[in-house]
Number of protein chains: 4
Amino acid sequence: MRVGSFSPPWIQFADQKQEFNKRPTKIGRRSLSRSISQSSTDSYSSAASYTDSSDDETSPRDKQQKNSKGSSDFCVKNIKQAEFGRREIEIAEQEMPALMALRKRAQGEKPLAGAKIVGCTHITAQTAVLMETLGALGAQCRWAACNIYSTLNEVAAALAESGFPVFAWKGESEDDFWWCIDRCVNVEGWQPNMILDDGGDLTHWIYKKYPNMFKKIKGIVEESVTGVHRLYQLSKAGKLCVPAMNVNDSVTKQKFDNLYCCRESILDGLKRTTDMMFGGKQVVVCGYGEVGKGCCAALKAMGSIVYVTEIDPICALQACMDGFRLVKLNEVIRQVDIVITCTGNKNVVTREHQFLFWPFRAGCIASLRTPELTWERVRSQVDHVIWPDGKRIVLLAELNGLSG
Amino acid sequence: MRVGSFSPPWIQFADQKQEFNKRPTKIGRRSLSRSISQSSTDSYSSAASYTDSSDDETSPRDKQQKNSKGSSDFCVKNIKQAEFGRREIEIAEQEMPALMALRKRAQGEKPLAGAKIVGCTHITAQTAVLMETLGALGAQCRWAACNIYSTLNEVAAALAESGFPVFAWKGESEDDFWWCIDRCVNVEGWQPNMILDDGGDLTHWIYKKYPNMFKKIKGIVEESVTGVHRLYQLSKAGKLCVPAMNVNDSVTKQKFDNLYCCRESILDGLKRTTDMMFGGKQVVVCGYGEVGKGCCAALKAMGSIVYVTEIDPICALQACMDGFRLVKLNEVIRQVDIVITCTGNKNVVTREHQFLFWPFRAGCIASLRTPELTWERVRSQVDHVIWPDGKRIVLLAELNGLSG
Amino acid sequence: MRVGSFSPPWIQFADQKQEFNKRPTKIGRRSLSRSISQSSTDSYSSAASYTDSSDDETSPRDKQQKNSKGSSDFCVKNIKQAEFGRREIEIAEQEMPALMALRKRAQGEKPLAGAKIVGCTHITAQTAVLMETLGALGAQCRWAACNIYSTLNEVAAALAESGFPVFAWKGESEDDFWWCIDRCVNVEGWQPNMILDDGGDLTHWIYKKYPNMFKKIKGIVEESVTGVHRLYQLSKAGKLCVPAMNVNDSVTKQKFDNLYCCRESILDGLKRTTDMMFGGKQVVVCGYGEVGKGCCAALKAMGSIVYVTEIDPICALQACMDGFRLVKLNEVIRQVDIVITCTGNKNVVTREHQFLFWPFRAGCIASLRTPELTWERVRSQVDHVIWPDGKRIVLLAELNGLSG
Amino acid sequence: MRVGSFSPPWIQFADQKQEFNKRPTKIGRRSLSRSISQSSTDSYSSAASYTDSSDDETSPRDKQQKNSKGSSDFCVKNIKQAEFGRREIEIAEQEMPALMALRKRAQGEKPLAGAKIVGCTHITAQTAVLMETLGALGAQCRWAACNIYSTLNEVAAALAESGFPVFAWKGESEDDFWWCIDRCVNVEGWQPNMILDDGGDLTHWIYKKYPNMFKKIKGIVEESVTGVHRLYQLSKAGKLCVPAMNVNDSVTKQKFDNLYCCRESILDGLKRTTDMMFGGKQVVVCGYGEVGKGCCAALKAMGSIVYVTEIDPICALQACMDGFRLVKLNEVIRQVDIVITCTGNKNVVTREHQFLFWPFRAGCIASLRTPELTWERVRSQVDHVIWPDGKRIVLLAELNGLSG
């Protein structure tokens, strides 16, 4: 899909600077809140301990680090973790045969020679395999993280060690976040001609700070629904001056990532954060799109008793024919152990639903941020919300931005 | 398992004749009601039409029939149907590789030479494969039906044609039923030395009418729970004078017949009698033993929403861990589409459960035989029970004697 | 979907008569072969015995029958079977809540008043519910069968008894087939203004014999892929003069009929014709579209080991992610017990695949019609094909026209 | 089950000291190797980071720690982690309703008053809930770890903080292991009267070092197959002088822990260590007992193509009826992605099986410890074994001691 066209770009662009002058706070804040609440990594790393065990509290921005070839064009937590990260990448390579085959097939040809790609995504082992494939095909890349929490430090270190200018670490501040993005694009003697973005923050930063840079941009690939939404708004306003691709439009994203990856990751994510068993648990899944279908399939297979809420009649009928009882949330909320929201809609789960639940997305939990409820952070991204009477729910508010 | 021992047999036997003199009416009636309500075939034949299409209303007992070799030592509906029955048997042979392998292996050896087996089971293509295997191994067999409805006439004809003394047809009267059994045992110059029984009627007939015949009996194989129960009673009373094997004690019966065969046959049986779809239907299964497990697995896979009632704590926990919501019948009876009883217990489903249901066994439906309810026979073994207000339930009272 | 438009119709129409003069043989033959080989009923009736048991060999065309209101504007096997058929219809009504709700909602309004619908479909209890709903909404209907085998005689009788002009019986000859269709449209003082067709035979008959009748036709609903294909050809040639709807374009057909109905009916159909168990059987399913997905889901749930052949890469990847091993037919043909073709493509299963298989559609079995192979009809629509060496396969060539 | 009896105890006991004098090396070594290779935790903690992040390399044995009540009768990694551990325990409490109900029910009654229990198990949040329940019921407990790796340090800290004498930390040396056990039993003024053991090391330590202590022991509960095996050997030799219970004899262990817990934990464990997706992966599971059944169910549900090897005919037939293709390992080893051994038998997977595999138990991988193969530790309990030609397999040798 192309969400934009090449003209008329620059006039609107000028007008628009105005608007973007207001953004550093507003949009930046929104972007960041998105970074926190909606996005996260698809791949939990068991290597987290390497990252966490750092006793070094110095900000990476204040460190002087060089890789073994003497380059210091990167900013990561600890370049010494590169070897651990390399092993993570090697494991990921075994699971990504298509990209590995592509490397082999394009060997020596450098079909991407001349491509200068600036990227802003989660920095995981899988991203590393992508970046190194782009590099193997001849592209030059500079990369930042699209999320202040999701970077695997040792993977970032491995990328830096092998010569990629990577600017990302786990636990960036908001200022760090934008500083890293800026370090990717604001480089003496290098201008990107392609953007790979997840969430739209990189695109907006360039748009606002370096509008002229767009003249050289051949295209944008946007991975997230949020980012695409922002691009559509630009396009409608006649201000999108480069072609853009929506990754979600590909059938493999809709029918595979959303369905099968959720089927694989829902229990993994919940188990890692809660250590629960799912056999015999009563679960209500809100929404029976591809994400909901994947979650329901996994839960049913694990012996959970699954209820579904759904307003779309076709999806509702599918849920029914797949053996899930269709309910309204109110009917079951007092008897279920777990609530999973597989919809981006707001207000799906509200204050009246007072029991244990695990929303997937942030929008639906606003009503829980009230003075009489106590929030207690148990682990990263796991909160207990405690009612005045002592009842507590476990909230995985930011568990997973599965469908981007 | 041996439910009896060889001694002390004959004295009690004499005493006991007394008791059996009362049986022709009482026990006979009970046996027959069992035949009607509890037993039926495991294998529905699509060849039923051959059987049903007979325009011949003459009782087989009044017919003069000979097979192609001139023998008339049999009594079946119509010997001319033998060819159709032979094809049914050939199909069944392909699905019974163990018996077919046994025939091949024992070829020429006749390990069962001298065995004189009298049998009383459902007369189906599968039984025919068993009988012809017994014959191939050297045994002599005479056979009657254990159920007045379940005989496949064309299979009986095929057996008669190939020389087996078979006395059975679909739609026997009670008198026919005992007459057929008697024709198997009351033969000039032939005495059985083994009994293969399903339900205990044959055993009891011999016990009562021909007590001396037991002196030559080497053993009894009993296929049904009911029949075994009767044997245990005899054994406790010290009156069982021959060893008996309970087929249900074999692991293959418990873990395969009950589980996997029910999984295969539950939907088949319900669909043939009702033409229903099961996706999205709400079903409550009473009992989560092996039979219930098989039914639940099939229904869940077909997209039904399945509830389970169970009083045994281990089985109840298994149902729970397998993803079935445990309920009391009263909680769900008004919302479910189908009730399946996988327990032999009485009074599981009572009058208060007024909606659509399909009990598996007969015991639970006594309360529906009341004057204000109208019973209407829709098809063989399918009844509509109509309430004064017009509401109707569909009753498959005698669907299947799955676990014997 | 509209596969045609209202103009330019009539000129081509005149030209076209020419072409249709050649059709009585050619198209008629093809239509009929389709009727035999590709279509059949979606709903097997357990009431078949009522139908089959008729001892009356007189052709319905030669009978004088009247319903209880004195009408003789119908032609069915035996009007006396109406009561049995009525019970079948009543059972079907319980499974078709949407149509029943429609009857209730439109009560008294007669929104279809003025509609004169001529139909040509399988005559089953479900069709009867549809027809009686159309009648309840005010439409006038006349109906023939689209298949010479699939009519349920007692249902046809019930429809005739309640006043519907139905012309259909099980076991029509080719001449009967066209005679019945003609009786629906060639009526003094009645002209249809809507066509409901399954296979296109009715449409073509009108097109050829009564071209002027199209002037009053408001639209065609076509249920089958074959019929739609014929309409598209007409449309491309500029000769389709009425709007037509392709039922297959509706999401409920693609995503429900094909997927869930096949899931429900595949085992039912195979079991009724073969009495096989499916646990542990190795099965290869050719094609992983919606039909294949439904079949695979049912077989997997029943404990079969399922292989899939598929050439479409997305469907192939789905099969893989759903846990089915992707194979070429040749790799597994010698080890599998069952072959199911869920594709209309020809030559999927060829002569080299010599073992047991059960093709779904007719196209793929041409190579088995050779002199050295013996065909033996076992039951209706079940053939044994016997090789010179005695090996036999069971062929369900015409089992089911599931996706129409 | 009672694997022993109360007599004749003491005489043999004296004789037996002799034998145990040889044990410090031999048996100790064996015990420890068991600790490393066969046992591990059932519950992976996502709290691992708290534990790992310790920058403190001092041995706990050399530290002076006190809990907030001033007690120093414990030895854990870092008492300051108690609060984190308390939250882990609180989460676990929500998943252990039976024990929590027991606490409530026995409240105030102290039915275990007088019980002095010494335990040696994995120290996890679940164990903590058990210990605190024992405490709430009136028992006194002292506890050590049965495995040098599996202790969750923060949970141990929480137990120590709330007053339990716990002697355990992650990463004990062999000497530490026995020191901790000794600290549990060798206490001034306190003698245990019950043993709860997992693996038999505690029992043997007491047996060898403090034989007189057995005079006060009322019974042993042994959780592991290995430990029970050792008890049976003692019993056969007439040397077991206290009654012992085999946890594995309980139906809930066999039918729930083994089946359902493996179903829940197999993918969890594999995903945490490998980040693999399982959809479409080919997996061979060696053994179809309860553990194998659980693994196969989980893998099948996740879209894996699962093969089974099994020598027991009943289990093999079950695998077949459940839809798993029975194979010999050699037939599929070159095509599968993953090998899972669900059997304790040795030599199931041998050197000839050179590809990617993940044995569950240690016995089967001996042939990989050869000079020409390079072992590289990737993460805790994850090794790469690299062939001379560069091919590598990923080995999860010590993943899980699921069935004890």
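Numbers here mean position along the shown chain, with the first residue as 1.
Yeah, the Cβs are placed from backbone N, Cα and C, and that goes for glycine too.
Feature annotations, reproduced from TrEMBL:
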BINDING   D:THR124, D:ASP198, D:GLU223, D:LYS253, D:ASP257  substrate binding site
BINDING   D:GLY289, D:GLU290, D:VAL291, D:GLY292, D:LYS293, D:GLY294, D:GLU310  NAD(+) binding site
COMPBIAS  D:23-32  compositional bias 'Basic residues'
COMPBIAS  D:33-52  compositional bias 'Low complexity'
DOMAIN    D:258-404  domain 'S-adenosyl-L-homocysteine hydrolase NAD binding'
REGION    D:1-72  region 'Disordered'
Cα distance (Å, whole number) from D:THR124 (substrate binding site) to D:LYS293 (NAD(+) binding site): 26
Chain-internal residues, separated by at least six, CB under 8 A from D:LYS253 (substrate binding site): D:VAL247
Cα-Cα distance, maximum over D:GLY289, D:GLU290, D:VAL291, D:GLY292, D:LYS293, D:GLY294, D:GLU310, record's NAD(+) binders, Å: 15
Site with most surrounding Cβ atoms, counting all protein chains shown within 10 Å, from the binding-site residues D:GLY289, D:GLU290, D:GLY292, D:GLU310: D:GLY292
Other same-chain residues whose Cβ falls within 8 Å of the Cβ centroid of D:GLY289, D:GLU290, D:VAL291, D:GLY292, D:LYS293, D:GLY294, D:GLU310, the recorded NAD(+) site, in sequence order: D:ASN258, D:LEU259, D:CYS262, D:VAL285, D:GLY287, D:TYR288, D:CYS295, D:CYS296, D:CYS315, D:CYS342
Distance [Cα-Cα, Å, rounded] between D:GLU290 (NAD(+) binding site) and D:ASP257 (substrate binding site): 9
Cα distance (Å, whole number) from D:VAL291 (NAD(+) binding site) to D:THR124 (substrate binding site): 22
Reduced DSSP assignment, D:ASP198 (substrate binding site): coil
Sparsest-packed among the binding-site residues, when each Cβ's other Cβ atoms within 10 Å are tallied, from D:GLU223, D:ASP257, D:VAL291, D:LYS293, D:GLY294: D:ASP257
Annotated substrate contacts D:THR124, D:ASP198, D:GLU223, D:LYS253, D:ASP257, maximal Cα-Cα distance (Å, integer): 18
Cα within 10 Å of D:ASP257 (substrate binding site) - qualifying binding-site residues among D:VAL291, D:GLY292, D:GLU310: D:VAL291
C-alpha spacing of D:VAL291 (NAD(+) binding site) relative to D:ASP198 (substrate binding site), in angstrom: 19
Segment-level pLDDT (mean, integer) for the domain 'S-adenosyl-L-homocysteine hydrolase NAD binding' (D:258-404): 74
In three-state DSSP terms, the structure that D:GLU310 (NAD(+) binding site) belongs to: coil
C-alpha spacing of D:GLU310 (NAD(+) binding site) relative to D:GLU223 (substrate binding site), in angstrom: 26
